[in-house]
Amino acid sequence: MKSTDSAKCLGSKSLAICCLLLHLLLCIRPAVSQTQSPQRYLHNVDSNSNNNERLHQILKGSGAGSGATQLNWPQPPKQTVPNVKTELAKLNNTYVYQNAWPANNVKLGAVTAVSFDKAGNVVIFHRVNRVWGQTTFDNRNQYQEKYRGPIRESTILALEPATGKVQYDWGKNFFYMPHGLTVDPEDNVWLTDVAMHQVFKFPPRGGDGKPALTLGDAFQPGSGRKFCKPTSVAVLDNGDFFVADGYCNARILKYSRKGELILFWGQNTFSGISYDVAPQNFFAIPHALTLVPELQLLCAADRENGRVQCFLSSNGTFHSQYHNQLIGDRLFSMAYTPAAGGQLVIVNGPTAELGIHPEHYNEVHGFVLSMRSKQLVSKFGPNNLQFQNPHDVAVTADGNEIYVAELNPMRIHKFVHRSLAKPMSLSASKDSRDSAISQAVGGDQVPAVAVHHPSGKAILVASLMLLFAGSTFALALIFARRRKRGCLPFGARGRRHAWEKSDGFKLGGLLDRDRNGFEKLDQQASDEEQETKTLASAQYA
């Protein structure tokens, strides 16, 4: 009897457990079905449907009415923001800086452009003693220093690529504010002068000093068939050419070999509708041009948008763009080489903020970007350090040599691919110069050096002195850190720091700010907007 009761009890418990499991199963299945049944996206709507139909569909799927389910919009992929400093440190330095190039007797002003002639010489354009300052142009882009006359010295120099010696020079008594230089396949030299608002074509090596073709009206800025501070020229094999009308008009123009206008395109990022991200064909100073013959492309350095835009050279149709967060928001110039499947060699620029701590971390380098992957391959700089104000760049067709024109310091830099050159340190360069000096003054005699062996007492005294100096330095460092953090009862707790900036101290704050993501840029803004302690000391280009 007892065993029968136990069996009944066990059977009842088993039945209860089975019922509970069945109940849970019935509850779970509808829940799973409910989460899977609603469609994640809206139904396709015919492109001819009107806006009312689209609005009705959105309302129908967004919870209006009973029984409607919540619509889950597809979210754009989240982009991780890289640590710029860390990622830059990972990039390889594939080019070696040539300290001893050019020759010591080459005297330069601000170097604005660099190209190659048919003989392989490095041809540069420089401003000698002219500086683009705050008062160089008025608010109407009129040049204010015409009274000084043209630059008296040669503004174009051709340097031998191996030795850096001057092979020939020209361009005296003609230019006022040099900017762009391009040597075309026929060895003609194309130049732009931002003060004169003109574009010039000269015969090889300058000919007799007179331009074979002149576009624009001297010292008369404008639009239409006039220019306003043109920046660069690129020339096709058939003689047709492009002009970047950069600082004011933000456009690119294509001309026939004879100088007849074929077409033009481009809109100014700093006028009209405000955009968070600049659309295609918009420019914030098209600053340099380069050709990609294999793809029949013309590429432009969109300076203040920090990108390269490429277009079909036949009709100006947008093709592609290249940008990388490690380059930053300012991209001054680029040059193309077919090496390694096609690469762009790029130089960026310093932050446009003057006299304050930059809002975003920025390093000024040369970069090599693969056009296939759109990824940075390597970086380079003088002695693997940063540039200050690079303005233009040129690269040989084989990609083995790179030349960078810099405004300040006023230099032309040479880099050679590491597979072809041995690195030479600054100390080695200094030693070689010191050796040359010693040979000049007295030959190769090496002075005798007396070797002194310190005693144990001297070593003890020196050790105590070093220990005292080290402890003093450590205390001073701790004191300085605590004072900076405000841990001391006195000091700089109430002082305003440079990074606690306000709009009043920012260059952009001096201009109108009415767009999201971009600051209005003064169309007179120069290339040489380097970080300085005060606005008054800032140079322009």
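Cβ coordinates come from backbone N, Cα and C, glycine included.
Around the Cβ of Cys248 (disulfide bond), a 10 Å sphere holds 21 further Cβ atoms from the protein chains shown. The disulfide bond annotation in Swiss-Prot covers Cys228-Cys248 (among others).
The DSSP secondary structure for Cys299 (disulfide bond) is strand. In this view, Cys299 (disulfide bond) is surrounded by 26 other Cβ atoms within 10 Å of its Cβ, with every protein chain counted. Residues or ranges marked as disulfide bond by Swiss-Prot: Cys299-Cys310 (among others).
Marked as region 'Disordered' by Swiss-Prot: 521-541.
A Cβ distance under 8 Å defines the sequence-distant neighbours of the repeat 'NHL 1' (164-205), meaning residues of its chain 6+ beyond its ends; these are 100-103, 106, 112-119, 121, 123-127, 130, 132, 136, 141, 143, 145-146, 148-158, 211-222, 226-235, 237, 239, 241, 243-244, 247, 288-289, 392, 414. Annotation source Swiss-Prot lists repeat 'NHL 1' at 164-205.
Sequence-distant neighbours of the repeat 'NHL 2' (215-258) (same chain, 6+ residues past either end, Cβ-Cβ under 8 Å): 113, 140-143, 146, 179-180, 182, 184-186, 188, 190-192, 194-200, 264-270, 282-291, 293, 298, 300, 303, 311, 313, 316, 523-525. According to Swiss-Prot, the repeat 'NHL 2' annotation covers 215-258.
The repeat 'NHL 3' feature in Swiss-Prot is assigned to 272-314. Taken as a whole, the repeat 'NHL 3' (272-314) shows an average pLDDT of 95 in this prediction.
The feature topological domain 'Cytoplasmic' is assigned by Swiss-Prot to 480-541.
According to Swiss-Prot, the transmembrane segment annotation covers 459-479.
Within the same chain, residues at least 6 positions away in sequence whose Cβ sits under 8 Å from that of Cys228 (disulfide bond) are Asn141, His197, Pro221, Gly222, Asp245, Tyr247, Cys248, Asn249. Look at the repeat 'NHL 2' (215-258): DSSP puts its residues at 0 helix, 15 strand, 29 coil. Within the same chain, residues at least 6 positions away in sequence whose Cβ sits under 8 Å from that of Cys310 (disulfide bond) are Val292, Leu295, Leu297, Leu298, Cys299, Ala300, Phe318, His319, Ser320, Gln321, Tyr322. Using DSSP to sort the residues of the repeat 'NHL 3' (272-314) gives these counts of helix, strand and coil: 6 helix, 21 strand, 16 coil. With DSSP classes pooled into helix, strand and coil, the tally for the repeat 'NHL 1' (164-205) is 2 helix, 21 strand, 19 coil.
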